[in-house]
Amino acid sequence: MAYPLSPPALDQLFTAALKYRERAYAPYSHFRVGAALLTTDGTIFGGCNVENASYGGAICAERTAMTKAVSEGSKSFLAVAVVSDIPTPDCSPCGICRQFLREFLDPHTPIYLLGGAYPLGDIPNFLSHLESEEAKKYVVTMTMDEVLPNSFGPDHLGLRAASKKG
């Protein structure tokens with residue numbers, strides 16, 4: 001992993017994603033999603049999905065979190081966590097969210113897919129060993145490049161450096 005995070009930092013990021021999932025407004029799909037972004041300065045921005053009676057007006061958790069971060073001046077990130085109500089870590093960002101994240105994430109940035117059954121409270125021991133069988137019940141670690149391989153982004157237009165400037 002390009003940016004190794006300590007178990008307390010991972011737990012803080014994961015707990016934030018779970019907190020934002022609880023704030024989701026999903027009266028139509030009943031599918032709640034939360035996301036949390038860790039910036040290079042240690043700030044965590046979170047978001048939830050917000051549905052709308054005009055379905056096209058809905059926004060996903062990942063785009064909500066990224067929009068909040070960018071609107072507050074943050075454009076450099078160490079990690080992303082995404083969680084839904086599915087108990088196992090089987091929910092990844094949708095296509096538009098993958099492209100939206102790609103605008104601001106380096107290809108090697110970790111994206112943690114969390115199961116909705118992630119244990120809250122004490123920091124789980126398995127966070128020290130994310131490759132363990134116990135950890136895989138709750139967390140799958142991927143990179144931006146794995147989530148959206150062969151992607152098109154600002155670097156293809158010569159804009160990567162500009163997009164990271166505050």
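Every residue gets a Cβ built from N, Cα and C, even glycine.
The domain 'CMP/dCMP-type deaminase' annotation in TrEMBL covers 8-155.
As annotated by TrEMBL, substrate binding site applies to ASN49, VAL50, GLU51, ASN52, ALA53, SER54, TYR55. Note: VAL50 (substrate binding site) has non-local neighbours ALA24, TYR25, ALA58, ILE59, THR64, i.e. same-chain residues 6+ apart with C-beta under 8 A of its own C-beta.
Among the features that TrEMBL reports, Zn(2+) binding site is placed at CYS60, CYS94, CYS97. CYS60 (Zn(2+) binding site): 21 other CB atoms within 10 A of its CB, across all protein chains.
Residues or ranges marked as active site, proton donor in TrEMBL: GLU62.
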Checklist outcome for this item: What remains of the recorded positions ASN49, GLU51, ASN52, ALA53, TYR55, GLU62 once a 10 Å Cα-Cα cut-off to CYS97 (Zn(2+) binding site) is applied is GLU62
Checklist entry - How many Å lie between the Cα of GLU62 (active site, proton donor) and the Cα of CYS94 (Zn(2+) binding site)? => result 9
Next on the checklist: Which one is it: of the binding-site residues ASN49, ASN52, SER54, which Cβ has the fewest other Cβ atoms within 10 Å in this structure?
Outcome noted: SER54
Item to check | For the domain 'CMP/dCMP-type deaminase' (8-155), the number of residues DSSP places in helix, strand and coil | outcome: 51 helix, 33 strand, 64 coil
